[in-house]
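Have a look at the structure below, then the notes.
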Amino acid sequence: MAHTITAQELTTLSTKAIDAKATAYCPYSKFRVGACILTASGEFITGANVENASYPVGTCAERVTIGAAIVAGHRDFKALAVATDIKPAASPCGMCRQFIREFTSPSFPVYMYDGEGNHKVMTMEEVGFLSFFSFLFGYISVLYLVDSLLISPVAPRLFRPQPS
Ligand SMILES: O=c1ccn([C@H]2C[C@H](O)[C@@H](CO)O2)c(=O)[nH]1
Ligand SMILES: [Zn+2]
């Protein structure tokens, strides 16, 4: 279902996504990602990336946020915002694109904020055609596979959290 979002909703969405960076657990990458999703009923639900000593076990901000929205009973969404500290703004990784797509249409807008608060907006359809990130996702998938099949099962002692 297509939705329009008001200027006021966009302001709140961006503020909440940017503020949510402060809630990230990212001691390994130090790469903070905040996200906020606006539900069809007008609620704002936030999340951030939650990392793990075993890298693939960690979760991106987008999936934390949408997971929280889903378990709160929401199924229909107006827009998603994702905020990082880098420039240009980052777009959702391949796994997140797939995760977002489960609950949204190709025209669903994703607002991406850089470290200075500037944004670009793309529909899910447009995000899906970022071939560079598809390549990156393929590469990361291989790393995930190697880790989950070969490294993590046989060397769990290596994947203890580091003392901060
Ligand atoms: O769109 C993205 C890209 C990366 N990350 C997280 C995963 C990991 O914790 C860190 C570095 O990749 O950033 C997200 O949350 N969302
Ligand atoms: Zn992701």
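Every residue, even glycine, has its Cβ placed from backbone N, Cα and C.
All annotation found in TrEMBL is predicted automatically rather than curated by experts.
These figures come from a predicted structure and were not determined experimentally.
The domain 'CMP/dCMP-type deaminase' annotation in TrEMBL covers 8-135.
Look at TrEMBL and you will find Asn49, Val50, Glu51, Asn52, Ala53, Ser54, Tyr55 tagged as substrate binding site. Secondary structure at Asn52 (substrate binding site), as computed by DSSP, is coil.
Residue environment of Cys60 (Zn(2+) binding site) contains 21 other Cβ atoms, counted within 10 Å of its Cβ in all protein chains. Annotated Zn(2+) binding site per TrEMBL: Cys60, Cys93, Cys96, in sequence order.
Among the features that TrEMBL reports, active site, proton donor is placed at Glu62. Taking the Cβ of Glu62 (active site, proton donor) as centre and 10 Å as the limit, one finds 25 other Cβ atoms among all the protein chains shown.
Marked as transmembrane segment by TrEMBL: 127-146.
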_Inter-residue C-alpha distance, Ala53 (substrate binding site) and Cys96 (Zn(2+) binding site) (nearest angstrom)_ = 20
*Can you list which of these binding-site residues (Asn49, Glu51, Asn52, Ala53, Cys60, Cys93) have a Cβ closer than 6 Å to ligand 1?*
Asn49, Glu51, Cys60, Cys93
*Filter the binding-site residues Asn49, Asn52, Ala53, Tyr55, Cys93 down to those with CB closer than 6 A to an atom of ligand 2; keep them in sequence order.*
Cys93
_Counting Cβ atoms within 10 Å of each candidate's own Cβ, which of the binding-site residues Asn49, Asn52, Ser54 comes out highest?_
Asn49
